[in-house]
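Trainee: Once you've had a glance at the structure underneath, I'll fire off some questions.
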Amino acid sequence: MEKLVIVGAQWGDEGKGKIVDLLSKDYETAVRYQGGNNAGHTVIVEGKKYILHLVPTSILHKHTKGIIAQGMVIDLEVLSKEIKDLEVLDIENRLFISDRAHIILPYHKILDRLFEKKSNIGTTLKGIGPTYMMKYARKGIRMVDLKDEDIFFNRLEENLEFTKELCEKVYNERFELNKDEVAEDIFRLFKPIEKNIKNTFKIIQTSKSVIFEGAQGVMLDIDIGTYPYVTSSNSSTLGLSNGTGLHPKYFTDAKFVGVSKAYTTRVGAGPFPTELKDEIGDALRDFGHEYGSTTGRPRRCGWLDLVALKYACDTNGFDEIILTKLDVLDIFDEIKVCIAYENFEDFPSSLKDMENARPIYKTLKGWKATTKAARDKSKLPKEALDYIMFIEDYLNTKVSMLSTGPAREDYLYL
């Protein structure tokens, strides 16, 4: 059985969607196992752009089954729209949703907004965090619960009362959600996909080849990321077992691949040691079109942080790294990479230490030649190859592939 795990090695937005699309064409089954519609994978196929938030990217291959596994939280409105947008690909009979996956409800989004006003973490306000919060408080509503109206209405009523009290007594805000209206909307969206609700654990276990698609990135992982400026799930390889229901031994023969940009970006608040708030940062953003596919927010940009990337490799066991957006660096005479932080030997776990981390840079010669759409290693400038070799040596991990542009065909193997 062939198993491939693709995970973002930075703060998300590394270009995983295209990589997954490229590598998944021979796989029988594709699995999303954590997160929700707080991340978007963008893929361009035959000139048409697809932005997928919940449905696995690999389902764009017409022979591939797509699984939304138990570790995900699902906004039924968003899922319904994605299925409709992909109607031409006839995905309805190839998409399976875990009966254990939790559902995002309107009160989760209200709570998200209220929490964000207090904490300013930089959440997408999609209700993701509060859905996970209620999951772990044992107050969540799962897909399977929609098949039993008594369970659903009891949970819904309890959660609406809890949210109403929180809104009115703690945040001094009116709460106007109506139980019957919420239920009507949920069942309207649920009925068309009810046939797709399955025990997805069994489907994965019996598949001959499986690709696992991570969302966000290692540095946003709830446990090993830059806490508290993280997402609400394990967006690293740590989330595989609990996100799918598969035991850890299942993954012992899997290949783990991390995807990283040739520089670093981050959306929202949180520590970012190599951030550039100057014309170089602006150039990276403009030339790299660095705006979030889900939020449209401009991304913060900076030089490649090898300290953070090495930490991601070590904590996730990456067998290979795939480097994206190398072509964005074509415009620079010199390129810097962070090889250490002042006063810190290891990647800090303390927020205060991370905010005070000062990068120590190594300056490498730029290539000032186009690598855009390069599809052959022999066509790459020597300085670009030197840059890749420096990264490999520092990480002690092979860079196996480059993405050199947005089109599906813009890539090369090393």
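Glycine is no exception: its Cβ is also placed from the backbone N, Cα and C atoms.
Annotation comment: Swiss-Prot describes Asp13 as active site, proton acceptor. What Swiss-Prot lists as active site, proton donor is His41, and the listing cites sequence analysis. Swiss-Prot lists 12-18, 40-42, Arg299, 325-327, 403-405 with the feature GTP binding site. For Asp13, Gly40, the entry in Swiss-Prot reads Mg(2+) binding site, with the evidence type sequence analysis. According to Swiss-Prot, the IMP binding site annotation covers Asp13, Glu14, Gly15, Lys16, Asn38, Ala39, Gly40, His41, Thr124, Arg138, Gln216, Thr231, Arg297. Annotation source Swiss-Prot lists substrate binding site at Ser293, Thr294, Thr295, Gly296, Arg297, Pro298, Arg299.
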Trainee: Find, for the listed binding-site residues Gly12, Gly15, Gly40, Gly296, Pro298, the residue with the lowest Cβ contact count at a 10 Å cut-off, counting only other Cβ atoms.
Mentor: Gly296
Trainee: Please tell me which one of the recorded positions listed here (Asp13, Gly296, Arg299) sits closest to Thr42 (GTP binding site), measuring Cα to Cα?
Mentor: Asp13
Trainee: Between the Cα atoms of Pro298 (substrate binding site) and Thr124 (IMP binding site), what distance do you get, rounded to the nearest Å?
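Mentor: Spelling it out, the Cα of Pro298 (substrate binding site) and the Cα of Thr124 (IMP binding site) are 13 Å apart.
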Trainee: Show which residues of the chain containing Thr404 (GTP binding site), separated from it by at least 6 in sequence, have their CB under 8 Å from its CB.
Mentor: Leu326, Asp327, Thr371, Lys372, Ala373, Ala374, Arg375, Asp410, Tyr411, Leu412
Trainee: What does the structure give for the C-alpha distance between the residue listed as 'active site, proton acceptor' and Gln216 (IMP binding site)? Integer Å is fine.
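Mentor: The separation of the Cα atoms works out to 7 Å.
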Trainee: Quick one: Cα separation, Arg297 (IMP binding site) versus Gly12 (GTP binding site), in Å?
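Mentor: Counting only the Cα atoms, the answer is 13 Å.
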Trainee: What is the nearest of the binding-site residues Asn38, Thr124, Gln216 to Lys18 (GTP binding site), using the Cα of each?
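Mentor: Given the candidates Asn38, Thr124, Gln216, the nearest one is Gln216.
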Trainee: Three-state secondary structure of Gly296 (substrate binding site) from DSSP?
Mentor: coil
Trainee: CA-CA, which of the recorded positions Gly12, Gly40, His41, Gly296, Arg299 lies nearest Gln216 (IMP binding site)?
Mentor: Gly12
Trainee: Whole-number answer please: how many Å between the C-alpha atoms of His41 (active site, proton donor) and Gly12 (GTP binding site)?
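Mentor: Between the alpha carbons of His41 (active site, proton donor) and Gly12 (GTP binding site) there are 10 Å.
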Trainee: Between Thr124 (IMP binding site) and Gly15 (GTP binding site), how many Å separate their Cα atoms?
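Mentor: Checking the Cα atoms of Thr124 (IMP binding site) and Gly15 (GTP binding site) gives a distance of 19 Å.
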